[in-house]
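Accompanying notes for the structure given below.
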Amino acid sequence: MDAYERITRNAAEVVTEEEIEAMADDPDGKRAYVGYEPSGVLHIGHMLTANKLIDLQEAGFEVTVLLADVHAYLNDKGSFEEIRHTAERMRDQFIAYGLDESNTQFVLGSDFQLDDDYTLDLHSLELETTLARAERAMAEITSGDSVKVSQAVYPLMQALDIPYLGVDLAVGGMEQRKVHMLARDVLPSIDREPPTSLHTPLIADLGTGRGKMSSSEGVTISMEDSREDIESKVNDAYCPRTADPEPTDDGQSRENPVLQVFEYHVFPRFDTVVVERPEEYGGDLEYDSYDALEAELESGELHPADAKGALAEYLNRLIAPGREQLAE
């Protein structure tokens, strides 16, 4: 796998293709970042972008993880003391999950977001941005019917973080797309380059296959989950014999979250996936690619129950180091 393939593997979108290709031609010394609100224990959404950071490190990038304590405060996630304590725990979990500690810089937002220059640049961006545009950028991230003034400033800070961190590539889930497009539009107004961005897919709710997996509603997987928790959640997961399920009766689109987690979490981290089965049911199945596993689920060779058993096992292997770190 060459640098371009590793950088773009499992990406839902890159902006722009030409900019990513140029980085792939000479990735050494390039820097990518993801920002995370330190608002809780790592869950499968954090792990999806962390997988991409691991890919980027293997491609030659240096990585910055922004533990966005000021953002979390503006988003009403607790006091600074509480948020910073959570940030320290999250840092340790990211390392336990597999980020290369020697090649990862962890930065608190408050290390630079309270400086005079940053504040003045932020005010300049406020002058360039309508409230409606800021609300649209924030709508995919926050919940609730109304946006507070602090939350409207939030996406402008995300845009400004990119040049202040000195990064070449902004990484986030598809819910960050509007923020990154806002950044491309407004940063040139303060003589900063429009950022290159890479967006990871959104995984559907584990129980229903609808919407997106969320730590605030529905069913998700986190580093607090025991092996038994993981097995229970995965066993109850929605898993039809196809990667492209029919929509619900009321027209909502659905995905197969079991296959999504195999594709975006398991296969990027394991060269081979073994599905254990008793000899009386044909013995073990072994896959060296996601496509092969998907094809055998659709053909009937792989039963959904056996796929779920394997998924729970590999998820537990990924999560166990972080779970052990949390227990210390």
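Numbering starts at 1 and runs along the chain as it is shown here.
In case you wondered, yes, glycine gets a Cβ from its N, Cα and C as well.
The feature L-tyrosine binding site is assigned by Swiss-Prot to TYR33, TYR154, GLN158, ASP161, GLN176. Here Swiss-Prot flags 38-46 as motif ''HIGH' region'. Look at Swiss-Prot and you will find 193-227 tagged as region 'Disordered'. What Swiss-Prot lists as motif ''KMSKS' region' is 212-216. What Swiss-Prot records for SER215 is ATP binding site, and it gives sequence analysis as the kind of evidence.
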Secondary structure of TYR33 (L-tyrosine binding site) (DSSP, helix/strand/coil): strand
Surrounding CB atoms that lie within 10 Å of the CB of GLN176 (L-tyrosine binding site), all protein chains: 24
For L-tyrosine, whose listed binding residues are TYR33, TYR154, GLN158, ASP161, GLN176, the greatest C-alpha pairwise distance in Å: 17
Helix, strand and coil totals (DSSP H, G, I; E, B; other) for the motif ''HIGH' region' (38-46): 3 helix, 1 strand, 5 coil
Cβ atoms near TYR154 (L-tyrosine binding site) (within 10 Å, other residues, all chains): 25
